[in-house]
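One structure below.
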DNA sequence: AGCACGCCGACT
DNA sequence: GTCGGCGTGCTC
């Protein structure tokens, strides 16, 4: 009787198939990685569990070799992955592909065999294809060496070479021939998307990347190797979060919060919201709770929405707990580093601390007593590309299973979180005061309805306030949530604007890069360019972006004032973010202009003034979350002001001073905002009073059956929706209607129950006549419902 | 993701 | 004539 097991492929086609355990194999357990034959190749797979019976009509093949002697993943880990896969309606292999570092997903390995004591002569290096060819005796002898720990696994050199990251060394313009199309397209790609592994670049652009990248490396224009983000951990200037170590005495509010959180922790865990105003010292609470978890012999994980914030948190944690093994982890680390972290945690037998971003939640951390999501409302916790999952959901699942505490911290909680808290389903602690002498800033509105001059985007009153702050030796942050120089380029000859041919949206002028760029798909053209309609080249930039705002401020402010800019363009080169933040923190500049990036968690004690150049941006988007998003952004950016001794002041420019949101932002009145928002959501049955999901459908642009299949799938969705009693809207072209040669469409589903959403999706997927061409995916609770 | 199969252009 | 380009299809 053959010993059959379910094995999941961690690469396409991601299937969970049946394989036989050969008699010479050691015992198997869920989570064990094995090399399996697939067609004529060898692949890595993960054992999910025993298979009850063989599928009909297929020949069951035997496994080739184990990839580790004791599984890196436990049965509980596999259980988490299986569960998450079921919720997201994707195969288990898709989740494991996200969860496992690259080196743990490949079967391209070599075994180093220590055979000097062996009775039987075996080669010193063995590859999977050799094992297949071995006779039974040799295989048996090899397995004895394996079980004795005399056989080591090494990822093949070619795979490791592909793991190297390619990153830009210098900003444009680059010293390459203007007609070197491939070199330029690689450079533009790196500029737009940031550092990428050679592997990812080859996948996205083509195999020519190998040669071109090598050439650019020789020319000193790109760097290949470890990502510089890793070096960032050691860079000074970021510093740990100040005040956390120096001010260990807790305030009364903090003491009360610790007591409440401890009660939740000791009653078997669960979620606990820390609703504390900006600057109220939430980090101290996280550290206190981490200490409690460690004292109870349990591991703790502290997560931040972005690498830079996680890195700051890591330094603080490492200083606070020098005696505890602390691991820093994020998705931009080299695969090698991630693999080391994964392996170390899988082997750990004492409690550990993990600090990182959302991808850390897939680490095999032993006995999780605490997970902290700092700034829990932040949308970066939701992964949108590839596979849509929310870190909060994974964190909730893990702490639920382990009986750990899930700590959600924010000054402006997610409306859904706060609703659960108000309903008593989540325990809550409140911090209403800032720590130390700091008080919350004064917020004022500036009416700019009458302003027209694009070279003077700030109202005179705002400019005066900036000048006064600089004169007093203080610092200023100016936020404009739109990067580039100008969002619209207007042709003076024919009144046409520059539009992206793929996305049908306006293209943004980037002066420093000398290009116009589509902010949806990243397509860009060199500027100056000719008008598509009339061939003229007399464009005038209209509207404001951070680049133009920084430029005009530089002109309006007194001689000697230094203005820094912080946005995705400015920090394309990895080390630039820390450079800019460090320079501002060291007061090498008086003004920092930036997008919402500057609103996130940074602590600048000398900033006394925050100006929001366009408060109305994002307020009237056709999305149920737009006012929540705007409120959170404005309160967060206002929170950057007055964190030191001098009280802060916030000016918000608006063309619409009567909007009810302003009163709540001005008063920092989360409760008032929440009341108004929740009654609106009740009225329109928006979440949390309903469940929203997006069905994404895409097919290659040249696939002629695409539209027909699309309408078939749309019909199936509506039909099934009627049966289940859920609303289905669409299909409508997605905001990025064309991406990588595929046409994309969305259907919005609104239901009272996730299970109905899954049922409707499953019925639709089942009638898809050509799943290879027409791909469908389900995004539960999408960030944007467009 | 790999790898085979299969059908068209530029070479010893 | 063949070598080899990459479109398409399949993998327990």
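Cβ atoms are placed via backbone N, Cα and C, with glycine included.
Caution: TrEMBL annotation is automatic and unverified by curators.
In three-state terms derived from DSSP, residue A:531 (Zn(2+) 1 binding site) belongs to neither a helical nor a strand segment and is classed as coil. The Zn(2+) 1 binding site annotation in TrEMBL covers A:491, A:494, A:531, A:534.
For the recorded site, residue A:521 (Zn(2+) 2 binding site), the DSSP three-state label reads coil. The Zn(2+) 2 binding site annotation in TrEMBL covers A:500, A:503, A:518, A:521.
According to TrEMBL, the domain 'Helicase ATP-binding' annotation covers A:263-431. Taken together, the residues in the domain 'Helicase ATP-binding' (A:263-431) have a mean pLDDT of 95 on the 0 to 100 scale.
Per TrEMBL, the feature domain 'Helicase C-terminal' maps to A:523-681.
The binding-site residues listed here (A:500, A:518, A:521) include no residue with a Cα within 10 A of the Cα of residue A:491 (Zn(2+) 1 binding site). For residue A:534 (Zn(2+) 1 binding site), the nearest neighbour among the listed binding-site residues (A:500, A:518, A:521), judged by C-alpha distance, is A:500.
In sequence order, A:492, A:493, A:495, A:496, A:532, A:533, A:535, A:536, A:538 are the same-chain residues whose CB sits within 8 A of the CB centroid of A:491, A:494, A:531, A:534, the residues recorded for Zn(2+) 1 being left out. The binding-site residues A:494, A:500, A:521, A:534 differ in how many other CB atoms lie within 10 Å of their CB, and the one with the most is A:500.
Counting only the Cα atoms, the space from residue A:518 (Zn(2+) 2 binding site) to residue A:531 (Zn(2+) 1 binding site) is about 16 angstrom. Straight-line distance linking the Cα atoms of residue A:521 (Zn(2+) 2 binding site) and residue A:531 (Zn(2+) 1 binding site), rounded to a whole number, equals 20 Å.
If you measure from the Cα atom of residue A:531 (Zn(2+) 1 binding site) to that of residue A:500 (Zn(2+) 2 binding site), you get 12 Å.
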